[in-house]
């Protein structure tokens, strides 16, 4: 078991390195850098000026070297610039002194500076992540129990009316992406158009003080889309289990129907949805970005959009690292959880 | 409840089924599955229901359990359990009876146990539900029953999950679960079909003993006449939803009164049948689909005694054939049941020709990771085939016999070129092919060595017409110059396997199992194969179809002088059709000789046990009773010394330590008869025949 | 001109009737659902005519009534549609006029359904779709948009105005607002669904948006399937290192949050580097490889036929390929411009490429799993033992037998692709901002959502109905294909 986790961890780190390298390469493409130089310097820079600006700040080093420095496994650059200034990656305001560290990458906790917010990336990421965490917590609280209950109820008697109605509901909810359900929900419940203005159409105030009134719509918008999907998975898994021979064995042993569902079917039926819930995270992240943009909730997703659309390279890299790790860790949890839930694999 | 079903005072029949009819309903039509079925089981009695797949025997069992699913329904008749009609009981009353009064065991032991629940918990549940006993008492009870079903280390068993047990052990657990509340009626639906023969024999023995010990009545459902003979007191033969004959075992087996029963017995290979002198008589035609049943007698279109205008009119009732014996035939009193069998075309035994295939010390080892999931670098070597040596001649049938894990499939793969040999050689016409993978073989070699597969439902590509599949084989074997040539040749091949030419344009799903298997044979012979490996070609087919397919194979073999390597676990059919037999166990050839040599003493101890384990549907046969302990060891972890030493009954005679440490040498007992055993010549000479035909 | 009301003169009769019927129906369904939990498991009863009656009692009767109500609702909707056709302009209200605009679509739908239901027994899986209510509803929704896009895209019907035309004075005006006198008299006299914040007709934008979705989504899905199948089959069939490597790469892409990937790929800066063109050159090769191998493995044994078929398929495909890949302003300028008939705008190309890129790994995983399962079948072993090439086995023995799940996934995936396209539009990535596609239109509309809700709703509902249709269709197909 320990070896298994270790191996999974190894693959995970390899994946993380590959992914961050891809992100790093894509954000450090020359057109991006050029744009950066012009926004930081001035918009009427000549091509030569751009080149020297970038060279002086280490942006034109070989890609692998830059990546190594950013990661913190290679010493940060110290460049005697063509404009006479000496700049070092690891110095506080780029001017090196005796306290300047040799390595300063994300491993050392140096995430760089955001050009848009003029703050430390690590600071921005952690506050924003906290806000998104609050949102996700409530999404999970609504989505997971709801989806499991719908799935189990629909799947325990396949083909029944209950099944058909609940399945249709879950199909509708999977067919409604967040930007559609969000728009519809806001139009219906946050504008006077239909006379049902019960909630607030923006969640900006929920950042400090979340309440039912300003937080319900964003939460339900994310939850709805994922809920249908998980419910359908649960239903599929439940119907499969309910037709299994051992359920017949239990029935012919004289076990009552509620007990068959609770004691015999549920555990076997929940193995597959568990994996699905965990693997939903990359997609939930999507939902978070959409909903935070739509409801103007300044969390992690909103930060991603800001960083990406303003060419804020360091911030975008930081956000990418965090989201890639969130996804990979949930995958790891899903793998381990699968093994724990399934005795067939656990004890072999 | 008006009275307690546990009441011992009741002394009528345990189960009384009267004119039961069960139908399944689809959106299009009602499909009758069981019609007018009656049966009675007295306390302590065992009733066997025999029939081919689709005859409705399992539906009867589920009807008794009142568990027919969403679409099934009892449309007539009654099922009385201890005098009370099950049809009118409420769900609660039924739940009360299920598991405590009537218990059921079915085919797949692995599937019938909950994979996520410890075995102990699954067993304890039964008395806890029905008798409300405490957990402690239930545990005691479970321990006791697990000991009863002869499982080693009961405490550890109770604490395991199902996947940790072997198939035989799982089936014993299922039996234990059924016996937990000491039911009055036990329904067994093909309980041993998924098990190996030697394991099956032990399980059957156990069921019989426990039935006696607990005084349980049994309803035993099987397609295997021999098994029913061994386990039951009375028998009921079903055909296409109806009971056609009913009576005591002796009555039905020795004095059959229905043409179907007779035809069934004539189509199974019993000792004495011989492919040349006394060939099997296949039942013509096909089993009717439930919605295409004929008027009058269902068996009419396939019956030798059919009389137009009489047998195809209206309803045919069960007729009394005297002495607790009934038959659903209008003519049973007119038919001369003792008339000699119109013997099928007798043929000359063809002389085996020159040697075409020679195996020389063939070895095949696999390397596998010790545990696929948790990794680790420890590689294990699985010895799938260990020093295999034999020769096969032109127009000879060599049977390869063994149970699961004996290495027969691996051997087939190496021969076909899907794997290459680890060591040793395969010589085809003195040309070594053992290390030539199939990509490197020339077309001629590939076309010469072909294979017929086991599962008819899997052997044809479901999304290609039958004709296309055969034509593809012709294309790849470079036969015929253009599509028209090949089409002509394909139609000839269909003629060869006795299928109508119109089948060329059908999709495989429109064919029955037997027909698919014929197409598989046609495909194998597309390139005039000289060596055909038939991997259990008939074991998945119904009894009545088996004979026809076997005969077809024999006939083509005779015409084409083919060498047939017939892989099987069924000794009856092996004895019927093979010239020589090779018995394998865990990758070793333990015995090799002509059919007569292998089927008469001296035997290898494993062959002896195997012979004893195969049920034979003939009351005149006396069998020596040999039951092997335990299960077949895993090929991943074979025992030291002789591979068979863990289960051998003769181990003491040969000297324990010798068997446990050394692999026995190959010994020649007679010309062409070899065994791999440590037993002395004296011991071998003392062996008695396992099967004896009692004097008539 | 007077503004149109929603229902016109139907408002007093048919519409209230429909509203009441629909409300009662919904209430009935909910009641039935609630009762379903408490009702005991009822034993089936067989009737003398061979049918099964599943329930009796109060619940059973409720179910029957709900069935009638549903028929009534459908009938009322049909009546409204038909009646409005015969009313003079302006009398049938906004809904009536919209239904009139869709007249060619209604006719096409009716013809399709009548033909399909008549010949359903001869049409294989497609025919069986018409046995399932869910499948039929899904199919109708999908075909509605398919026909709409055809009539809009090819014949320029249905739309009432140019989707880009701005008419002053109708900025953010509510549905049914009349076009002011003296503007262009050739145009339709009303903005049926109102105007957006640039005073463009929302109705026309929505129907024009369907063309973009209908072109990109299925095509991108087909390409994703080509890539997934061409890589997934060998991975599943061979296993081993190839499988490990390909699966690692697939997981790599899957671990990427989709939005991040889009933000990285679909930006003008990336387009400037030419990366999308290289990716397109790589991804668009797969159909050529796929069809080439497909034909070659099948006809390898018959030399001349093989060459002929290969030439017939590969030459046009190769021509298309260079046409699509080579462009004057792309780094891959390999084909003379005089022969270059197809030029894809770089915005659409990058959207297309990234959608294919995101979808391929999932298809790969599905195909790989199916191949792993099917390769253990005896007919695959039979093909091996007669010395078939591995590509023949993969493409002709395994792939046709995996078609059931793949068709179902194909439908679902078109829906998913539509959602992805919408997501791109929602963030204003790729497609030009004035593009009428649904995602961009929602994006435009949501900015003023709290003040003017009406511009964002129609494209949202259009996208919802289309994706819902595809999901229902997939569900119906899955159910019907499992039946035998």
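Heads up, the Cβ atoms here are built off N, Cα and C, so glycines get one too.
The transmembrane segment annotation in TrEMBL covers C:14-38 (among others).
Among the features that TrEMBL reports, transmembrane segment is placed at C:65-86 (among others).
Marked as transmembrane segment by TrEMBL: C:98-117 (among others).
If you look up TrEMBL, you'll see C:129-155 (among others) marked as transmembrane segment.
Per TrEMBL, domain 'ABC transmembrane type-1' is recorded for C:210-474.
Annotation comment: TrEMBL describes C:211-233 (among others) as transmembrane segment.
Sequence-remote contacts of a segment are chain residues at least 6 beyond its ends whose Cβ falls under 8 Å from one of its Cβ atoms, and for the transmembrane segment (C:245-266) they are 231-232, 235, 275-276, 350-351, 353-354, 357-358, 360-362, 364-365, 368, 420, 423-424, 427, 429-430. TrEMBL lists C:245-266 (among others) with the feature transmembrane segment.
The transmembrane segment annotation in TrEMBL covers C:278-295 (among others).
According to TrEMBL, the feature transmembrane segment maps to C:307-324 (among others).
The list of residues near the transmembrane segment (C:344-367) in space but at least 6 beyond its ends in sequence, with Cβ under 8 angstroms from a Cβ of it, reads 216, 219-221, 223-225, 227-229, 231-233, 235-236, 246-247, 249-251, 253-254, 258, 261-262, 265-266, 270-271, 276-277, 279-280, 283, 324, 327, 329-330, 402, 405-406, 409, 413, 416-417, 420-421, 424, 429-432. The transmembrane segment annotation in TrEMBL covers C:344-367 (among others).
Taken from TrEMBL, the feature transmembrane segment covers C:410-431 (among others).
As annotated by TrEMBL, transmembrane segment applies to C:451-474 (among others).
It is C:98-117 that, among the stretches C:14-38, C:98-117, C:211-233, C:307-324, forms the most Cβ pairs under 8 Å with the transmembrane segment (C:129-155). For the transmembrane segment (C:410-431), the most Cβ-contacting stretch among C:14-38, C:65-86, C:98-117, C:211-233, C:307-324 is C:211-233 (pairs under 8 Å). Panel annotation: around the transmembrane segment (C:98-117), residues 80-81, 84-85, 92, 123, 126-127, 130, 136, 140, 143-144, 147-148, 151, 155, 157-158, 160, 192-193, 203 of the same chain, lying at least six beyond its termini, place a Cβ under 8 Å from a Cβ of the stretch. Sequence-distant neighbours of the transmembrane segment (C:307-324) (same chain, 6+ residues past either end, Cβ-Cβ under 8 Å): 280, 284-285, 287-288, 291-292, 295-296, 299, 334-335, 339-342, 344.
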